[in-house]
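Swiss-Prot has this to say about the protein:
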type	residues	note
BINDING	Arg53, Pro54, Ile55, Ser56, Ile70, Tyr71, Arg72, Gly77, Thr78	FAD binding site
BINDING	Cys225, Cys230, Cys233, Cys250	[2Fe-2S] cluster binding site
DOMAIN	3-102	domain 'FAD-binding FR-type'
Amino acid sequence: MQRKQEMMTIVAQKQLAPRIYQLDLQGELVKEMTRPGQFVHIKVPRADLLLRRPISINQIDHSNETCRLIYRVEGAGTEVFATMKAGEQLDILGPLGNGFDITTVAAGQTAFIVGGGIGIPPLYELSKQLNEKGVKVIHFLGYASKEVAYYQQEFMALGETHFATDDGSFGAHGNVGRLLSEALAKGRIPDAVYACGANGMLKAIDSLFPTHPHVYLSLEERMACGIGACYACVCHKKGDTTGAKSVKVCDEGPIFKASEVIL
């Protein structure tokens, strides 16, 4: 896997939910995409918007040299992306980041996959690859409300799936931490835990599995360069009494073991 840059072609784009879009891209760069949990850095085709936007990879299709991204419109850059049509091109840098480690689980073992909001997309490729290994996946997905929920059927097709919404309009009332607590209370202990979402959700997972050796968290930090040069996305390491040791989320991450970093 190498980091490369390419003008990739938009194959299709559609809206999944309010402010949530699915973007399919085609190009040679897909050959370099292998590990779930990686992301790409996209140049906004507007002269006044200089910083690239990091967007996680939702699906990889090597046979058609396509990849799928799912993003939420948050500002001027993603607003531009949402207006683009099939046939147009985007300047893509990637794949970036380390990706999830799926070597620690084997066929017949169980993995909890936990996602919240816009942290859900990269977990689909992860679940797909774990399925291919024969790992039993159990999904715990949280949304703000039924209105903004997406990709439910896709995850359900891969394995057991539990949903929660903040307002109780779909699935359990509350957050995914409640779903995890209920699963643990029933004696369901996973061989590995993979999660991506807001910092509060990741902290809850860290507290639920304080000594588990295989809890992997994908951190959502603001990024600028995406290649570890600017130090805009650092987080501190656990066990560092000086507070001076840090890791770069874009380059050394975005995935870390829960035992490694301070959330």
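Cβ atoms are placed via backbone N, Cα and C, with glycine included.
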Those binding-site residues listed as Arg53, Arg72, and which of them has the most Cβ atoms within 10 Å of its own Cβ: Arg53
Greatest inter-residue Cα distance in Å for the FAD-binding set Arg53, Pro54, Ile55, Ser56, Ile70, Tyr71, Arg72, Gly77, Thr78: 15
The domain 'FAD-binding FR-type' (3-102), counted residue by residue under DSSP: helix, strand, coil: 12 helix, 50 strand, 38 coil
Output field, FAD shell: CB within 8 Å of site CB centroid, site Arg53, Pro54, Ile55, Ser56, Ile70, Tyr71, Arg72, Gly77, Thr78 dropped: Ile42, Leu69, Glu74, Phe81, Ile118
Sequence-distant neighbours of Ile70 (FAD binding site) in its chain (C-beta under 8 A, six or more apart): Leu16, Ile20, Tyr21, Gln22, Leu23, Ile55, Ser56, Asn58, Ile118, Ile120, Pro121, Tyr150, Tyr151
